Ligand SMILES: Cc1cc2nc3c(=O)[nH]c(=O)nc-3n(C[C@H](O)[C@H](O)[C@H](O)COP(=O)(O)O)c2cc1C
């Protein structure tokens, strides 16, 4: 095992992270409320020695996501789900997304501390400030706050939460003290009514995109959960930026950068490509519409719809009215925009179909490459998927990955059974847990009071 350790998490969306994942025969379309399945999938990740299961959250629903991202419409709230996972596992960490924009520091401190006790030191908080403007209207606000206000609020929240943990009693009730915090947004006396978490400070993740998010992640978080970047150069740039900011705060070795990764894996390359094609064939496309209006799609964030009108807009050539299964003429592909050309390279990487070979890119491929990707996708046999993980890990783009299974439970076990053994054989990933707590898996010490 090299000195630097690869970290792996499981992004848990019950119906899968591919928009049509719930329609695959190895998926359970009704999985969102089946605690047995949620526990079973977490146990599979634990058998593979994953660092954590990751539970995202939203504070709003949007029926329009029915065809683009059904897992985002309805699901269990993450604290309760995390408790159920903790009860059915012994080592794997459990990450709960909590948005301070709509919560109080005292409430977050006690919920996270309780989860850390009930899991024996396996809790983590994914601190997000929220991408959903609609959440404001569920919490008595007129509008979603702007970035500056959300991050000012989040930073003070984090300070208060950690102060509350540091001033919390020992499990026998001794040692508690008040914090008497008087800040810009909060007055909090303390002490907390839950003992200091076994990890001292519950591990903190941050997921965001803005400059403020990068700064908060580098200065205050343990893990930066990175969104997708369009090119390898951009991924390296992002990674180097977080590390350089962390170094400025004296914490270069204390922040891990974990991007999301959707592996479409099968025993052979041909089977993996066929699986990817099959998933895309199960997508329900959006109705055609006028060129020009970008609409909400893809779950978190803005994106284009899946249809030939949107593809025409994104690729800069008129492909409307064509048969999706037909190959696109090379002359059309030669005329695409710069952004279109970048996406054609991506299509070839995923489908192995090319601009001018015998197996040519289809109109359907253009449609599937149109919406914004939630995470980087890799399609291949176990060695090919492991190669990509190793390359990013060794060449300054990632310290590990949050694995997004395209469908559940089939894509979870495909990764744990096919790819993890390859990573272990290469000495990149642990074969056994070295400790019990999430901090121990991450090689992070318990902070002193
Ligand atoms: C990888 C990733 C995961 C995210 N997960 C969530 C989530 O589970 N819930 C949520 O409300 N927002 C989530 N967000 C959105 C962020 O909270 C953030 O609001 C959004 O990225 C806008 O960036 P900014 O807040 O830095 O401006 C996520 C963002 C990224 C990049």
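These residue numbers are counts, starting from 1, taken along the chain as shown.
Just so it is clear, glycine is given a Cβ too, placed from its N, Cα and C backbone atoms.
Unlike curated records, TrEMBL annotations are generated automatically.
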Co-listed FMN-binding residue [TrEMBL; alongside 97, 151, 210] among 51, 57, 253: 57
Long-range Cβ environment of residue 151 (FMN binding site), under 8 Å and at least 6 residues apart: 129, 210, 212, 213, 216
Candidate with sparsest Cβ neighbourhood (10 Å radius) among 97, 210, the listed binding-site residues: 210
Whole-number Å value of the largest CA-CA distance among 57, 97, 151, 210, listed as FMN-binding: 19
